[in-house]
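> According to Swiss-Prot, the compositional bias 'Basic residues' annotation covers 73-86. The domain 'Tudor' annotation in Swiss-Prot covers 1-62. As annotated by Swiss-Prot, N6-acetyllysine applies to LYS55, LYS594, LYS601. Taken from Swiss-Prot, the feature phosphoserine covers SER59, SER67, SER71, SER86, SER97, SER99, SER128, and the record attributes it to similarity to another entry. If you look up Swiss-Prot, you'll see THR118, THR200 (among others) marked as phosphothreonine, on the strength of similarity to another entry. What Swiss-Prot records for 53-109 is region 'Disordered'. The topological domain 'Nuclear' annotation in Swiss-Prot covers 1-211. Sequence annotations record features per position, and here Swiss-Prot assigns transmembrane segment to 212-232, 258-278, 299-319, 326-346, 415-435, 447-467, 481-501, 561-581 based on sequence analysis.
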Amino acid sequence: MPSRKFADGEVVRGRWPGSSLYYEVEILSHDSASQLYTVKYKDGTELELKENDIKPLTSFRQRKGGSTSSSPSRRRGSRSRSRSRSPGRPPKSARRSASASHQADIKEARREVEVKLTPLILKPFGNSISRYNGEPEHIERNDVPHKNTQEKFNLSQESSYIATQCSLRPKREEVKLKEIDSKEEKFVAKELAVRTFEVTPIRAKDLEFGGVPGVFLIMFGLPVFLFLLLLMCKQKDPSLLNFPPPLPALYELWETRVFGVYLLWFLIQVVFYLLPIGKVVEGTPLIDGRRLKYRLNGFYAFILTSAVIGTSLFQGVEFHYVYSHFLQFALAATVFCVVLSVYLYMRSLKAPRNDLSPASSGNAVYDFFIGRELNPRIGTFDLKYFCELRPGLIGWVVINLVMLLAEMKIQDRAVPSLAMILVNSFQLLYVVDALWNEEALLTTMDIIHDGFGFMLAFGDLVWVPFIYSFQAFYLVSHPNEVSWPMASLIIVLKFCGYVIFRGANSQKNAFRKNPSDPKLAHLKTIHTSTGKNLLVSGWWGFARHPNYLGDLIMALAWSLACGFNHILPYFYIIYFTMLLVHREARDEYHCKKKYGVAWEKYCQRVPYRIFPYIY
């Protein structure tokens, strides 16, 4: 394999594609397979160039002043001859310059132009800040003829490809991207003979979660796994040796009244969401420059829900019904989630291309899972944003309260157990914190990258309320007496986790809002080509995702309150660790694509991902 000539970070001069002009560039990286250098121009443009198009700075010598010209005798014209020339004849110099210009045009038109085409993904980027499409780049070669050429494009399916048109000028070059409609279209020549390129089909996008087979198994496996966990937890001995648990008849899992109660709960949260209370903020920019508006009233919805629940308890409403029909409620939520996912996919088929998610792929099964439309809305009602925090997260707290009351009734207690109080208090703090800092949700991957499909619908409406309340559900049938010294240690652990979690998130959010805040002047950063800075000190110099570390420490505290008799209550911390490690890998992939060399420097400065000195 030939050795590379230029090193990373070396400042050289690179030829602008399609011209003979060289500009000062910095070598970013080198691909040994394609033998292409990734370079960065002074204006921030990053391109891939061949080694022949790159020259060291020493090969360019400053030219002396003055210009080449004809001999002095030719420069000096005779005034008498000038006066005797026929007025109708053009000057000799004008004829010569016109001829030279014509020959230059011919040479310019016959020059072989090499343009690097970067095909866009078959869908827009939605809220993606980086605007990077994540697809490989390739080179198209063409010989430009003297006369204009017009070629037709054949496009497949719903996709639109990108043709690159170069308009070269002596001092100004620009690359224009023009979207080709699904029908045939012709280009009109402008200053230079315009070339149209036959764009080759884009290779299949790399899919997450194991691709189509992976998401297919997840969609069918997660609901089954959820019900097996709940059935195991209701057994007297939830040991793994007793797996699988006895399965109830299918007709016993469905009850229309339960489904009606769940719909009522969902509609109540919709009403609270639509109330004109709370401030309105703008989200991150979409691909077309729009910024959607969001009303931050999640905390108010929680207060109103608490008032409704308190009034219901005072009126004597029997909440034990939820515990005794817990499996039926889980099934009702699952059915509702599937129906909602079908609706979301069907409506996304008519959504404008600019409204599609950057995570979608064009495959029906995968897009049904990951979500095809980025921000599905009915008027001003944002379905994804609503489901992220309202029905599931607030429902989690309500279910915990139901389990606390069920423990008192089943175990004949005058007051709840200390373990149940710890679990309820810890998780209540977690939910209130999320609702109080609702605006931070607008910059998460769920909002700016993932569409709204089965993955988020099932996670928000089923997995969160019925799995995150698993410790409280476990304690109803398997009491655990926690001593006060042990409880004190658990509280300290929870407090440490919360300080890390909230401190890291608050620091990140404050820096995003105002990087020039004097209170943040002590923080060190790395500048990126996107214009943004990466924090490399404070909490974010400790690990790349210190908020994940705090989250996991808090999750461990929730599980410790359940004792050590069974591994079942520790399922949450095991699952949550796997979830955050996978999410960190997704973040790593997108940030590397977005920030490039700056992200590599950041990883050198902050080598640990989540667990300092471990991972």
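Placed from the backbone N, Cα and C atoms, the Cβ positions cover glycine too.
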> Among 299-319, 415-435, 447-467, which stretch has the most Cβ pairs under 8 Å to the transmembrane segment (561-581)?
415-435
> Check for me, if you would, whether the transmembrane segment (481-501) reaches the transmembrane segment (326-346) - at least 3 Cβ pairs under 8 Å, residues 6 or more apart in sequence.
no
> Looking at the modified residues LYS55, SER59, LYS601, whose Cα is closest in space to that of LYS594 (N6-acetyllysine)?
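When the Cα distances are compared, LYS601 comes out closest.
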> Taking the transmembrane segment (415-435) as the first stretch and the transmembrane segment (299-319) as the second, find out whether 3 or more Cβ pairs fall under 8 Å, excluding pairs closer than 6 in sequence.
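Contact between the transmembrane segment (299-319) and the transmembrane segment (415-435): present, because at least 3 Cβ pairs are under 8 Å.
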> Going by DSSP assignments with H, G and I as helix and E and B as strand, what are the residue counts for the domain 'Tudor' (1-62)?
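Tallied per class, the domain 'Tudor' (1-62) gives 6 helix, 28 strand, 28 coil.
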> Can the transmembrane segment (299-319) be said to touch the transmembrane segment (258-278) if we require at least 3 CB pairs below 8 Å and skip pairs under 6 apart in sequence?
yes
> Output the single range from 212-232, 326-346, 447-467 maximising the number of Cβ pairs under 8 Å to the transmembrane segment (258-278).
326-346
> How about long-range neighbours of the transmembrane segment (447-467): same chain, 6 or more residues beyond its ends, C-beta under 8 Å?
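Residues packing against the transmembrane segment (447-467) from afar: 126-129, 215, 218-219, 222-223, 226, 229-230, 283-284, 326, 329-330, 333-334, 336-338, 340-341, 344-345, 348, 356-360, 367-376, 383-385, 387-388, 391-393, 395-396, 399, 441, 572, 575, 590.
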> State the mean pLDDT for the topological domain 'Nuclear' (1-211).
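The answer is 54, the mean pLDDT of the model over that range.
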> Do any residues at least six apart in sequence from SER59 (phosphoserine), in the same chain, have a Cβ closer than 8 Å to its Cβ, and if so which, in order?
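Listed in sequence order: ARG13.
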> Starting from the Cβ of LYS594 (N6-acetyllysine), draw a 10 Å sphere and report how many other Cβ atoms land inside it.
19
> For LYS601 (N6-acetyllysine), what residues in its own chain, 6 or more apart in sequence, show a Cβ-Cβ distance under 8 Å?
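In sequence order, the residues whose Cβ lies under 8 Å from that of LYS601 (N6-acetyllysine) (at least 6 apart) are ILE526.
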> Same chain only, sequence gap of 6 or more: which residues have a CB within under 8 Å of the CB of LYS55 (N6-acetyllysine)?
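Those within reach of LYS55 (N6-acetyllysine), by Cβ under 8 Å and sequence separation of 6 or more, are VAL12, ARG13, GLY14, TYR22.
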